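J.: Let me begin by handing over the structure; questions about it come next.
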Amino acid sequence: MSDAIAKDAVNTSSEKEPVSATPELKTSGSPDAAVSSGDKKKKKKKKKTNNIKNIALLYPDEKYPEGEWMDYHQDFNLQRTTDEEKRYLTRDAENQQRWNDMRKGAEIHRRVRKNLQNKLKPDMTLTEVVNIVENATRKFTGVDENGDHVDRPKSQGVGFPTGVSLNHCAAHFTPNAGDQTVLRYEDVMKVDIGVQVNGYIVDSAWTVAFDPKYDNLLQAVREATNTGVREAGIDVRLTDIGEAIQEVMESYEVELNGKTHQVKPCRNLCGHNIAPYRIHGGKSVPIVKNGDQTKMEEGEHFAIETFGSTGRGFVVPGGEVSHYAKSAEADGLPAPSLSRAKSLLKTIDENFGTLPFCRRYLDRLGEDKYLFALNSLVKHGIVQDYPPLNDVQGSYTAQFEHTILLHPHRKEVVSRGEDY
């Protein structure tokens, strides 16, 4: 989920959310086994099988696969004194559960996106797409129709609303209830998925394009993200990562309808560090050189994401809002005066806390006629809204993103999979 530099937005309204195999019939070759057509057994249909189940059943020891390990290329990250080693071993023991939670979330993320990739095709509605993602996430984490974890709704599950931004829309779009937008063959769709376990969020995204004419655009952004992952490390300045990303992305061109476009970084979109139950932890990882001398630190958890565009390379907010999150400053603000806003805030606190949410999630919880109250919470700074972020109409944008963990000796690309 992107960290946008542009912060203003517009509010409008809308609401409400919404195989089997047949085996061959085998008969004996013996004449005695012959039966009349009227006595033939009916073919029995197998019950539907569902490979999506609570992932804890697949890993009964609760030890989840590690991500891709990468060396730091900065020498100072490779040299540690004995005292530092001892301190790390103490911290490492304390951090094991955190790392394991991240790895659990990442394994669920890989399985969720594979499930979607097997089903994705043109002419699906975007609502169908996000339901496939989010229902699978709930089942893998054990938060499903059976009501598991209802007493602890924030313990694990969806990390933020599934982004399915199309074409010139780069980020922060998920369908509201009643949205009938259809994914077409000629579309470029960014799929941004979040999974959280005990508040530790795995944030990873890729771009879907059925038409091969967009291949260079996708390749540019994929390579730019991989460059950002390679450059990231302890004590690395954020501006240096942005400079490396920019150089790679701008080296690509894409030809569309007879016109050649240089792929441009969306310069006001960034990666970010991630804090417990908070998708944007305070540091932004630029995708262009911006002079930010802030450094990455040991133990931090970053989403390295890049966005490339055939347009201006600059996004502005616009369109119907779907993404929201409780503000970091909310607890220090006066309580809402509207009784409906108070009850809605209670629902938000109990089910999301500071995790991002969308209108569909409120619908799913049985909330109705809440839009005025929600806008009131936004107006008073208690809730932050995140409108869709768009480049110019007619342009195409792509995104790739990985979550990394900065260990003392190496970094772990926890969300890496066979797909990207």
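Keep in mind that glycine also has a Cβ here, set from the backbone N, Cα and C atoms.
As listed in Swiss-Prot for this protein:
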- 1-48: region 'Disordered' (REGION)
- His172, His280: substrate binding site (BINDING)
- Asp192, Asp203, Glu401: divalent metal cation 1 binding site (BINDING)
- Asp203, His272, Glu305, Glu401: divalent metal cation 2 binding site (BINDING)
J.: If you draw a 10 Å sphere on the Cβ of Glu401 (divalent metal cation 1 binding site), how many other Cβ atoms land inside?
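T.: So the Cβ neighbour count for Glu401 (divalent metal cation 1 binding site) comes to 26.
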J.: Calculate the distance in Å between the alpha carbons (Cα) of Glu401 (divalent metal cation 1 binding site) and Glu305 (divalent metal cation 2 binding site), and round it to a whole number.
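T.: Pair distance, Cα basis, whole Å: 4 Å.
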J.: How far is it from His172 (substrate binding site) to Asp192 (divalent metal cation 1 binding site), counting Cα to Cα, in Å?
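T.: Distance between the two Cα atoms comes out at 9 Å.
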J.: List the residues in the vicinity of the divalent metal cation 1 site, defined as same-chain residues other than Asp192, Asp203, Glu401 with C-beta within 8 angstroms of the site's C-beta centre.
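T.: Residues close to the divalent metal cation 1 site, other than Asp192, Asp203, Glu401: Met1, Ser2, Gly163, Ile193, Gly194, Ser204, Ala205, Ala303, Glu305, Gln399, Thr403.
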J.: May I have the list of same-chain residues other than Asp203, His272, Glu305, Glu401 whose Cβ is within 8 Å of the Cβ centroid of the recorded divalent metal cation 2 site, in sequence order?
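T.: Apart from the listed residues, the neighbours are Met1, Ser2, Asp3, Asp192, Ser204, Ala205, Gly271, Phe302, Ala303, Ile304, His402, Thr403.
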J.: Would you mind reading off the Cα separation of Glu305 (divalent metal cation 2 binding site) from Asp203 (divalent metal cation 1 binding site), to the nearest angstrom?
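T.: One finds 9 Å between the Cα atoms of these residues.
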J.: CA-CA, which of the binding-site residues Asp192, Asp203, His272 lies nearest His280 (substrate binding site)?
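T.: Nearest by Cα distance to His280 (substrate binding site): His272.
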